[in-house]
Amino acid sequence: MAFFDEAFEEQRLQNAKLLRIELDMRGPADAAAVVVFAFVIFITFLAVLFMLWNREYQPIKAKSPFLMACLFVGGIFWYVGDIRLCGHIQQYGTGLAECHASNIWMHAVSGMFAVCGLYAFRSQMLYQIFQMNKPCRGIKFYLPTIVYCTIVFAFAIVMQALSDTQTMYYVAPLDICGTSDAYKIVILILLWGAVIYESVMFWRIRNIKSSFNESREMAVVSTVSILVLLMTTVIAFVTPTYPLLLRYRVTMTFVSQFSVHLTWWSIMAVPIYQCMFNRHKYLLKWRARLREDGLQREYQADSKAGMKPISDKPFKGLPTTYADMVSTTNDFYYGNESGARLFAPLAYSDGGAIIGHEAPSDISNSCRESAVGSNGINRRLV
């Protein structure tokens, strides 16, 4: 499908003049908006595949990979809805002229509401783990999400039952989707509700003790969400014909899509990069940092959203003895490295459990297996 047809665009322009409406014909800028973010989505898709393939890698697992994958899918629906609603592509004769149901369920519910709701859920999850020191389960924890989903689906069903003119409708002479004021108001109220809830939860966790910038990540998400939604609200009511004006429709699409991917990558960029290029070394640092901060339990909190008990099976290529670790990774020790007592950041048992322990000062005598503890577990230093 071509991005624009000059003859068709000329006809749109003539129709707009007859209606005394300003209209900018579709052109290269619209094509750029579609292609640029299609490419960004493709790159992010590869990152999501890599993330899910390495979902047991602890720094990735701690970021809730399933939740992040759902956010990516929501971003795709948001993108498809944006390029249609903002009028970047021809809709007449392409099967895209049906504006009512597709925009309600795809752009609004599966796109904007899903992304905002998932970020709100993530901020609530961080509050539950780091502020309340509780696992993410139980009806009390899931109640806000259940209420939000109920409201969103009730909105979609009611909007679907209303006529096109009361919600969204196709404007044939201009080849765009029109939106009623009532529909815009309801959508914006729900979006502001999700963003405000997300921001309130962020404010409550702003001083939490976490090892890997969770509060900073949510600060980025909350700030970007508020700014984008504020811009959307102003443009939607000050310039309701923005899909007809090139500068507004391109700005709307670029800002909203940039924000979707910025917030996703602000959370996942570091663990994905480190897993690709610095896998074992970063894992040692990651585990040692948890012990320094005393947050092992928080980062192993059980949650159906992906924060499940961390799997601590030995990774291929890690040092197999304490002496090997001293010779290759002694910069990752914590404690008094210059004194007579060293602290090994990692150890594992035959059962795969992580064990923190003191290492004897005589390193050469420590590279052996010994049965310790009342449970008779045979432990070996890594």
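Note that Cβ sites are derived from N, Cα and C of the backbone, with glycine treated the same way.
Database features, via TrEMBL:
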type	residues	note
DOMAIN	28-269	domain 'G-protein coupled receptors family 3 profile'
TRANSMEM	31-53	transmembrane segment
TRANSMEM	65-81	transmembrane segment
TRANSMEM	101-121	transmembrane segment
TRANSMEM	141-162	transmembrane segment
TRANSMEM	182-205	transmembrane segment
TRANSMEM	217-238	transmembrane segment
TRANSMEM	258-277	transmembrane segment
Problem - For the domain 'G-protein coupled receptors family 3 profile' (28-269), the mean pLDDT of the predicted model - result: 88
Exercise for the section: Could you tell me what the rest of the chain brings near the transmembrane segment (141-162), counting residues at least six beyond its ends with Cβ under 8 Å? Expected result: 100-101, 104-105, 108-109, 113, 117, 120-121, 124, 128, 134, 183, 186, 190, 193-194, 197
